[in-house]
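These features come from Swiss-Prot:
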REGION    1-25  region 'Disordered'
TOPO_DOM  1-34  topological domain 'Cytoplasmic'
TRANSMEM  35-55  transmembrane segment
DISULFID  Cys350-Cys357  disulfide bond
DISULFID  Cys466-Cys469  disulfide bond
DISULFID  Cys475-Cys493  disulfide bond
DISULFID  Cys674-Cys785  disulfide bond
Amino acid sequence: MNQTAGASNNVRCPPGKGHKELVGSNPPQRNWKGIAIALLVILVICSLIVTSVILLTPAEDTSLSQKKKVTVEDLFSEDFKIHDPEAKWISNKEFIYRERKGSVILRNVETNNSTVLIEGKKIESLRAIRYEISPDKEYVLFSYNVEPVYQHSHTGYYVLSKIPHGDPQSLDPPEVSNAKLQYAGWGPKGQQLIFIFENNIYYCAHVGKQAIRVVSTGKEGVIYNGLSDWLYEEEILKSHIAHWWSPDGTRLAYATINDSRVPLMELPTYTGSVYPTVKPYHYPKAGSENPSISLHVIGLNGPTHDLEMMPPDDPRMREYYITMVKWATSTKVAVTWLNRAQNVSILTLCDATTGVCTKKHEDESEAWLHRQNEEPVFSKDGRKFFFVRAIPQGGRGKFYHITVSSSQPNSSNDNIQSITSGDWDVTKILSYDEKRNKIYFLSTEDLPRRRHLYSANTVDDFNRQCLSCDLVENCTYVSASFSHNMDFFLLKCEGPGVPTVTVHNTTDKRRMFDLEANEEVQKAINDRQMPKIEYRKIEVEDYSLPMQILKPATFTDTAHYPLLLVVDGTPGSQSVTERFEVTWETVLVSSHGAVVVKCDGRGSGFQGTKLLQEVRRRLGFLEEKDQMEAVRTMLKEQYIDKTRVAVFGKDYGGYLSTYILPAKGENQGQTFTCGSALSPITDFKLYASAFSERYLGLHGLDNRAYEMTKLAHRVSALEDQQFLIIHATADEKIHFQHTAELITQLIKGKANYSLQIYPDESHYFHSVALKQHLSRSIIGFFVECFRVQDKLPTATAKEEEEED
């Protein structure tokens with residue numbers, strides 16, 4: 001056996017017979033000087049090593065432990081409140097914005113002079129929620145005691161006040177005092193304004209003049225004039241406003257939406273009275289009667305003459321939606337008509353003096369037509385307009401690009417030409433500069449998860465230039481607006497850094513000044529353990545799918561973290577972006593050491609129409625495959641605890657999270673420990689007609705797609721996993737009926753579920769207190785699910801069963 005002699009326990013072998021000592025018997029003299037030099041050298045080397053370690057260690061690592069973790073309280077605190085100045089251009093050089101302290105300011109870009117139009121204390125004294133300045137800057141319109149109706153719509157009281165210190169004057173219809181209005185807003189000129197009361201439209205030529213009722217056919221809850229009903233607000237126009245001023249203010253286009261044949265839905269109110277009450281409203285479900293719509297134009301100078309714009313004479317348009325209205329000139333209005341199946345659209349230019357509409361462009365799809373409510377941009381004479389349409393770009397299908405349509409004098413034919421092309425999307429056209437022959441737009445040309453501001457020449461070579469690339473630090477996701485002559489632009493950086501707003505010269509991109517830096521939010525972020533964000537791609541069949549991973553700030557490869565998959569997946573949506581966000585997911589990562597992953601799979605937007613429309617008539621099926629591939633990719637990482645994996649989704653994402661929860665892993669074992677769904681869609685025949693029919697076809701013609709996508713077919717496998725369902729009982733978008741139907745199936749399948757309800761609350765949780773409670777509930781559920789104690793690794797459990 002080999003033995004090793006330690007330095008402190010020397011083993012000495014005595015000399016045997018016949019062996020001679022090779023050294024003398026006198027002990028050697030020690031070299032004390034050499035030893036001292038050696039020790040000094042060692043000390044110098046050690047000090048150099050220590051110094052190097054200190055210098056090379058990142059400062060953030062040494063200070064990380066001193067930083068606070070993000071909490072639920074942070075989400076709703078002033079420290080984390082992003083201030084949006086809501087800047088709006090009103091001329092070639094001037095814009096109006098609201099400063100952080102509340103005052104409304106007029107600022108001149110060239111002189112850098114600022115004028116206070118409205119003191120913040122005046123807004124506070126009126127308890128005003130919204131304000132709007134008249135075009136002549138003489139008056140301000142305030143709204144207060146505002147109550148939400150649906151996602152965008154609201155009712156409230158309105159007052160007018162002369163700038164800067166005038167007394168407030170109530171805005172009311174002639175026949176009613178102290179009226180709660182559905183809408184009020186200025187026109188494009190002077191002090192002209194309209195307001196809507198009981199679905200009728202009233203017009204004031206200027207402040208002080210009595211309002212006149214110009215549209216009188218309204219019927220509360222049934223016939224809407226100038227406003228959207230529920231379906232148009234939520235799914236079609238995506239706005240509560242359904243009226244449009246001509247540029248010169250002489251005419252008003254408005255939609256009349258008739259819900260008289262649409263079935264009624266009743267939302268119960270359980271609290272506040274001995275017997276529950278109900279709120280009825282018209283809600284078209286898949287296959288039921290839809291609202292009818294017509295577009296009218298009224299003249300505002302002289303006698304009001306009401307003229308209806310004629311829809312296309314096309315058999316495919318027997319039932320249609322109006323998805324976009326935009327004035328081209330003071331007498332021409334552009335309208336997009338979309339058939340109920342949402343696979344044929346016709347863009348027309350209507351004469352506001354005759355009602356005759358001329359077809360300018362037609363689009364058709366074998367699946368569905370996406371992005372149908374986007375407005376074209378017109379030249380001043382209306383002969384040329386720019387619009388976004390899907391153009392084939394090779395194997396990845398179609399991408400959305402700018403097309404220009406030019407009409408020639410004395411000719412019925414228009415010239416169509418593409419301005420942009422490539423495997424990326426134009427996400428929005430912003431402005432057209434006729435003087436410089438440039439079009440300004442946002443696009444994903446850099447990366448699908450980014451948004452940058454570009455310009456393109458509209459003549460000759462169509463050369464493009466990125467205006468926002470490398471313009472502002474830590475800013476890759478932007479939006480923008482231009483002054484009236486396009487000499488200046490406001491750049492709103494929305495991420496990945498803390499949002500900022502800056503003002504730039506268009507010619508040389510020079511930054512003129514910072515309008516909002518959100519410095520307090522930046523300080524709060526710097527003081528917190530914010531998640532590390534990583535981006536990856538996974539290969540699924542013929543697609544390369546983007547993935548976003550949020551890791552704790554203190555992440556190390558040697559630890560084991562629970563994994564949460566967050567799904568949205570609404571067709572055309574995007575989860576993986578570089579926008580700045582601080583949400584309950586941030587809290588789960590920062591305070592509770594979870595890893596969160598998101599993946600934009602088939603059905604998501606901004607990666608071509610081929611990937612987008614793969615999910616047609618089979619919602620859930622392909623999304624499950626892609627999301628599970630993202631989970632499998634993460635489970636290959638050593639730092640992920642395979643016994644603590646969860647999934648969460650909201651709305652359509654709630655449908656997907658419930659669909660995915662029973663999914664099996666590669667060894668046919670359960671992948672997910674738990675899951676949660678907030679306001680889940682569970683049966684598409686119970687959901688809004690425009691949404692369900694867009695992706696599954698018209699209900700009643702072929703219902704197989706509706707039957708196949710029911711969650712009832714999936715939840716029978718939910719036995720062991722913890723499952724939390726959260727739903728508001730007065731949800732006007734996804735009715736509690738969805739959850740009730742799901743629970744019936746869960747009980748039959750003996751599933752382990754929990755239900756949390758919010759009595760009498762709407763879909764959008766307008767109350768801050770309820771939003772905070774909701775965040776705590778979701779976080780608390782996953783923290784409990786991820787607890788390590790009493791958890792037995794799956795492999796160990798199986799081995800013990802085999803031994804028994």
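Cβ coordinates come from backbone N, Cα and C, glycine included.
Same-chain residues at least 6 positions away in sequence with a Cβ under 8 Å from that of Cys475 (disulfide bond) are, in sequence order, Ser468, Cys493, Gly495, Gly497, Thr500.
In this structure, the disulfide-bonded residues under consideration are Cys466, Cys785, and the one with the smallest number of other Cβ atoms within 10 Å of its Cβ is Cys466. Annotated pair Cys466 (disulfide bond) and Cys357 (disulfide bond), C-alpha to C-alpha distance, rounded: 37 Å. Cys469 (disulfide bond) carries neither a helix nor a strand DSSP state and counts as coil. Annotation for Cys350 (disulfide bond): same-chain Cβ neighbours under 8 Å, separated by at least 6 residues, are Leu295, Met309, Met310, Lys332, Val333, Ala334, Val335, Val356, Cys357, Thr358. DSSP gives Cys785 (disulfide bond) a helix state. Model confidence over the topological domain 'Cytoplasmic' (1-34) is summarised by a mean pLDDT of 43. A Cα-Cα distance of 43 Å separates Cys469 (disulfide bond) from Cys785 (disulfide bond).
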